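Okay, structure first, notes after.
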Amino acid sequence: MTVCIDNSLPGDSQVVENKNYCDTGELVLDGGFTVPADTVVSSGGFDAPEINAFGHTFRDYDVESLRNKQVEEFYRMNHINQTYEFVKKMRDEYKKLDKLEMSIWECCELLNEVVDESDPDLDEPQIEHLLQTAEAIRKDYPDEDWLHLTALIHDLGKVLLLPRFGELPQWAVVGDTHPLGCAFDESIVHHKYFKDNPDTNNPAYQTKNGIYEEGCGLENVTISWGHDDYMYLVAKENGTTLPQAGLFIIRYHSFYPLHRCGAYKHLMNEEDVENLKWLQIFNKYDLYSKSKVRVDVEKVKPYYQSLIQKYFPEKLRW
Ligand SMILES: O[C@H]1[C@H](O)[C@@H](O)[C@H](O)[C@@H](O)[C@H]1O
Ligand SMILES: [Fe+2]
Ligand SMILES: [Fe+2]
């Protein structure tokens with residue numbers, strides 16, 4: 001069973017037996033993951049709020065609320081329908097990148113039309129979330145411009161919900177992600193719904209390593225299909241010059257069972273271990289910057305346009 005260290009309240013650290021899924025605080029995690037030694041965390045550091053815009057703690061999937069009923073139904077559908085076969089099919093289809101051409105900023109604007117039904121902490125249009133994450137991380141890491149841009153684009157894959165991109169259902173686009181082809185770890189949110197997933201009846205997929213070899217590297221692991229992997233494919237195939245850590249953040253930022261709970265770490269290789277350090281830094285901003293405080297889009301747009309120009313071609317294939 002996964003044990004998570006909860007250090008969300010300063011001076012109040014405790015070891016929590018996993019109840020159903022992992023609900024850690026922030027950077028110190030199971031497995032001794034820590035931030036990179038040479039990372040300078042600014043003294044004016046980001047203050048993670050204790051409660052979300054709905055008055056609850058972040059990522060509380062158990063609290064009784066109308067929103068959480070919707071979120072639970074989302075995960076029921078997600079866990080029943082995301083199978084190994086389904087993911088393979090989606091990857092093959094979407095790596096063709098034959099849907100349309102547009103710039104990164106055009107895509108940011110499209111996200112205005114998207115609301116994520118899997119998220120207990122946010123019901124604002126997604127462009128707000130992109131800018132809130134990017135601005136918060138920019139404040140604390142002013143010199144890592146690649147990290148600002150990574151934050152801005154990390155959720156762009158949610159355009160899969162729109163008609164032009166195939167209008168996929170919510171369960172195939174948003175929410176946390178997890179590997180297929182090996183056992184479903186108990187730290188996965190609303191784990192109980194996997195009982196109705198066809199992969200549960202395949203014994204080859206139900207051992208700790210399943211079809212994988214220990215240390216094989218996440219690159220070789222099939223992860224549930226959604227906005228992370230899609231945006232990773234878009235960035236990579238369009239020849240971005242973002243560093244590996246940026247691509248890793250985009251690809252695995254919803255993989256909470258790994259980056260918050262330490263599950264599946266036996267599948268990582270050395271490169272993954274290095275990249276994970278940046279993902280864990282990023283996650284704090286992705287999660288805790290969610291609020292009702294709006295960012296002035298027009299004011300920050302020129303800065304982000306300059307980063308897009310630096311790391312991406314003018315038009316991308318989607
Ligand atoms: O509900 C959220 C949301 O969909 C995020 O974009 C995703 O990255 C998280 O993992 C998920 O829990
Ligand atoms: Fe996301
Ligand atoms: Fe996000």
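Placed from the backbone N, Cα and C atoms, the Cβ positions cover glycine too.
Within Asp92, Asp98, Asp196, Asp286, the residue that TrEMBL lists together with His129, His154, Asp155, His227, His253 for binding Fe cation is Asp286.
From the candidate list Lys99, Lys158, Lys195, the residue TrEMBL records in the substrate site shared with Arg59, Asp116, Glu117, Ser118, Gly175, Asp176, His253, Ser254 is Lys158. Taking the mean position of the Cβ atoms of His129, His154, Asp155, His227, His253, Asp286 as the Fe cation site, the remaining residues of that chain whose Cβ falls within 8 Å of it are Leu130, Thr133, Ala151, Lys158, Asp228, Ser254. In terms of Cα distance, none of the binding-site residues chosen from His129, His253, Asp286 sits within 10 Å of Lys158 (substrate binding site). Here the binding-site residues are Glu117, Asp286, and the one ringed by the most other CB atoms within 10 angstroms is Asp286. Ranked by Cα separation from Asp286 (Fe cation binding site), the binding-site residues Arg59, Glu117, Asp176, Ser254 are led by Ser254.
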